[in-house]
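Noted in TrEMBL for the protein shown:
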type     : residues : note
TRANSMEM : 12-38    : transmembrane segment
TRANSMEM : 50-67    : transmembrane segment
TRANSMEM : 74-91    : transmembrane segment
TRANSMEM : 103-123  : transmembrane segment
TRANSMEM : 169-194  : transmembrane segment
TRANSMEM : 214-230  : transmembrane segment
TRANSMEM : 237-264  : transmembrane segment
TRANSMEM : 276-302  : transmembrane segment
Amino acid sequence: MRNARRLTEGAVLLAIYAVLLLSSMYIPLLGLLTTFVLPLPFIIFTMRHHIRYTAVLLVAASGVTFILSSPLNIINTILSGLTGIVIGWMYQRGKGQVETFLASTVVILLNFVVLYVVSVKFLEFDMLQQLRTTMEESLQQAEKFAKLTGSANTQSIDQFRKVMDTVQYLLPAMFVMGAAMLAFVTQAVTVPILKKLRLSVPPWPPFRDIQLPRHLLLLYIVILLVSIFVRPAEKSFLYMALLNANIIFQFLTALHGLAFLAYFAHVRGYPKAVPIVAGILGFLIPILFSIYSFLGIIDLGFSLRRLLKRA
């Protein structure tokens, strides 16, 4: 009886996944939303049953994907399935939203890496190399146009080339942030649906209570010291690793700083709109973003929240 119920539920969720997959492929506006809902059937099945049964569901979903669309879309199904399995497993274990977010981000990032390796090794398509080639061609066309119009400016072209190089160096950080964004949106979209189904889902903690682990500050300090005193050669692996790590930590500490501002506004009784407006301005004005990052570092190092509680 139990196996029959599990089989029936799996078949229903498989059919739902097929509908979501077709919607994401053929309905432009709705497809954008359904892309983030694709992990939902796997989340539900994992929360209700053992993870090994969800693995069977993933295999079946891959087969359905092969029948309904091109074999390349199986990669999308595997990405959605693994993400859903991890999120569902974390919820089943009673983990919080932040822990679930971190776990799903890691899984999505690993999927990105595997997808890139498969693309290079088996499809002979290097997305990063293609991007470099496209940017280089754009620069060459800009140089030709500048010479034809007589407005060639060597300094401007060199600056543009440096910007292009920096963008290429920061691709790993972009992968990390892209994975984090995908994980966050997936959780934000699926949680209300799970609650409607009366599944036990932990609430997100208030933004003001979010704090980074203090040991991350030590790691960030090490990265800064290495960047200052070692000064690795440009285009070297160490240079790119430090650059990407610095960008990621700046974003994390700025987020921590914004959380502290929200906490400060809450303690002082300021309107909730104050930290929201501050956050929007921080992403629009670079100097504010740097200030928030510095504030996050100070709070990590000296526990400003604890001082506020004593005040």
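The backbone N, Cα and C atoms fix where each Cβ goes, glycine too.
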Outside the transmembrane segment (50-67), six or more residues from its ends: residues with CB under 8 Å to it: 6, 10, 13-14, 17-18, 21, 41-42, 73-74, 76-78, 81-82, 84-85, 88-89
When counting C-beta pairs under 8 angstroms to the transmembrane segment (237-264), the leading stretch of 12-38, 103-123, 169-194 is 169-194
